[in-house]
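Sharing a structure here in C-alpha cells format.
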Amino acid sequence: MPPPSDIVKVAIEWPGANAQLLEIDQKRPLASIIKEVCDGWSLPNPEYYTLRYADGPQLYITEQTRSDIKNGTILQLAISPSRAARQLMERTQSSSMETRLDAMKELAKLSADVTFATEFINMDGIVVLTRLVESGTKLLSHYSEMLAFTLTAFLELMDHGIVSWDMVSITFIKQIAGYVSQPMVDVSILQRSLAILESMVLNSQSLYQKIAEEITVGQLISHLQVSNQEIQTYAIALINALFLKAPEDKRQDMANAFAQKHLRSIILNHVIRGNRPIKTEMAHQLYVLQVLTFNLLEERMMTKMDPNDQAQRDIIFELRRIAFDADSDPSNAPGSGTEKRKAMYTKDYKMLGFTNHINPAMDFTQTPPGMLALDNMLYLAKVHQDTYIRIVLENSSREDKHECPFGRSAIELTKMLCEILQVGELPNEGRNDYHPMFFTHDRAFEELFGICIQLLNKTWKEMRATAEDFNKVMQVVREQITRALPSKPNSLDQFKSKLRSLSYSEILRLRQSERMSQDDFQSPPIVELREKIQPEILELIKQQRLNRLCEGSSFRKIGNRRRQERFWYCRLALNHKVLHYGDLDDNPQGEVTFESLQEKIPVADIKAIVTGKDCPHMKEKSALKQNKEVLELAFSILYDPDETLNFIAPNKYEYCIWIDGLSALLGKDMSSELTKSDRDTLLSMEMKLRLLDLENIQIPEAPPPVPKEPSSYDFVYHYG
C-alpha cells in the first residue's frame, strides 16, 4: 500500500451526475485515473477526457501539475484540451454569429490555461484570430462583444510566450491601432487594444517602430481625458512602453511632443486631481512615467564640461554677468585691459563660490552631476533672477568666513538630488511612489533645485557654518529633503512649506529624540533591565507577526503587469498549522475567507525560506533578476516534496512581516529590519514607563560601594 503522502482524496464532478469521491494515487498514470472515473459514469472513449479544477481559473491537470492537487480539492471531468481546442476552432469559424460569440467567450476563458493554449496555438489558432480581427470592420459595428472576446483570447494566448510577437502582421497592427484612434469605440475593445499594443512594444523592437508610426501622441492623450481610470491606466502604460523602448536620440523628441500636447497638465487635472482615488496600477504607471521623465536628465548628468568649448564657457560668463554686471559690460569700460579683466573675473568667480576661481569650467568635469549642475544654475539665474542674485550677493558680501559657496553648493546639491530621485535608474516593477508635485511643472527638477538651493542657504545660516562645515550642512539638507518627500506634497509650494518646518533646530530635535534610547539608556542597570525585558518584547512582536499572517495578504502574480492585474492571497490558519492560498479575481479590500482559498501547505512540510536571488522565480525571470528592488522583495517557501511557493511582496513592510512570521513558524530568529525597529521602539517605550518613578533621580553607573567592616562586632547580641 502506498504511503499516505502519495494519496489525495478528491471529489470529481460531471454535469448531471452525482460526484465521485476518489482516492488518487499520485504514482498511477493520469490516463489510468481518468479511465477509472469515466468507467464510474459509463462514459466511452476516456482518451477524450481530462481532469481540471472546479474552482478558480479551472486549470487543466497534467502529469506536470498533478502534484499541486491537495486533499479535499474539487475536480471536474472535462473534454481534453486538444479536443476542446479543435471544437472551439470549428465553432469560431461558424456561420452562426451566436455560435461564434459563445465560442469566443469560452476561448477567452480557456486561453489563460497554458495546456489549452499550447494545443490551440499548435492548430494555428493565433493565425485564425488575427484573420478574424483583420477582417473585422463590419464586426466592430455589429459585434463589438465578440471582438472584445477575440482580443482577450489573443492577448491571453500571446502572453504565454509560446510564439513570438514578431509574427504579427502590419495589417493586424493597423487594425488594432485603428481601434485606439477611433473616437467612439467600445470600452472593452479599447482596453484590450491598448494592452495588445503595449505588449507588442515591450516584446519586439521591430514592432515598436511600426506602432510608433501608427499611434500619435494626441490619440493617446485623448484617452487620458475620459472618466474610466482603467482606460487612463492602459493609455499611460502604452505611453511608458513607447518612452522606454524609444532609441535614446528620440526620447527627447517624444518628451517635447508630450509637452506640446500638454501631457503633464492633462495627467495632473484628469488623473491625479480627478474625483476618483488612484488605484495601485495607475500609481505604478505614474511612478514609471515620473522615473522615465527624470531619466531624460541622465545624458546631461553624465556629460563633462569641455573647458575649451566656448559655448559652454559663455554660460559661466552669463552667470557672472547676471550676478554682478546686469546693466553693464566691463569689457567696454575705459582703460580696462585684459589682465585687469582676468583679475576681476577671478575675483567674481570666487564670489560665485566656484572651487576653481581661475577656470571654473573645471568644476563641472565630475560626473555626476556634470553639465546638469550648470543647467540648474543657469535656470535659476534666468527664471528666478532675484533669488539667484540675492543668494550670490548675500554670501559674497560676508567677511566673517561664513559665506556659503554658491557654485560648489549648486554642484553638490544637483548630485544629491540625482541620487535621491535615482536619475538614470530603471523603473522598479514593485513600486508606485509617484510624487504629485512633479506633475505640476514642466521643469520640475529645475524648480526643485531652486527650492532646495534656498533651503541650503537658509540651513547654512542657521548652522552658522564655515567652509569646513560644508559636508555637515549637505548631510542636514539631505535629511531635510528625504524627511519632506515621504509626505508627498501636492504642489511645490507645499513642499517648500514642509521644508520650512524642518529647520536645522527641528532636525536636531528629531535626531535627539531618535537617539534618546541609545544615548540615555547605556548604564549597566538600564542595560540589564533591557536584557530582561527584551524576550517579552520579542514574544509580543512574534505574536503580532503571526496574527498578521492569519489575516493574510494579497500578492500580485508575476508577469501580468501589462494586462489587468491578477492577484493571489495567502493566509495562515488560526491554529498556525496550515498556510492557505489561492487565486483571486480582484485585489481584495478586506479579509479573504479560508473557504475561498483552494490550496494549502502544512507548516510541518516547510523545509526552508529563501530570499532574493536564491528564489527559484528570481533565477527563472532574468528581467526581474536584474531589478535590485524586486530582488529585495522576493521570497519563496520550500516544502516537501521539492515544491516551492513564490512571493513578491508589494512593499518592504509586507516583506518583513512575512519573513518574520514564517521564520517564527519554523522556530528561527526574526531578523528583519522591521523587527529591529519595532523591538527598539517597544523597548524604549517600556523602559520609559518602568523608569517613570525614577524621574530626576540620577542612576549611578556602578552599584554603591560596600562599606568597610566595623572596628568591632560588640553590637551583635547572641540569644542564649
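The backbone N, Cα and C atoms fix where each Cβ goes, glycine too.
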May I ask you to indicate which of 324-331, 580-587, 668-675, 700-707 is given in Swiss-Prot as motif 'SH3-binding'?
700-707
Take the Cβ of SER503 (phosphoserine) and count every other Cβ within 10 Å, whichever protein chain it belongs to.
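Cβ-Cβ neighbours of SER503 (phosphoserine) within 10 Å number 16.
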Around TYR48 (phosphotyrosine), how many other CB atoms lie within 10 A of its CB?
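That number is 14.
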Reported as an integer number of Å, what is the Cα distance between TYR48 (phosphotyrosine) and SER503 (phosphoserine)?
75
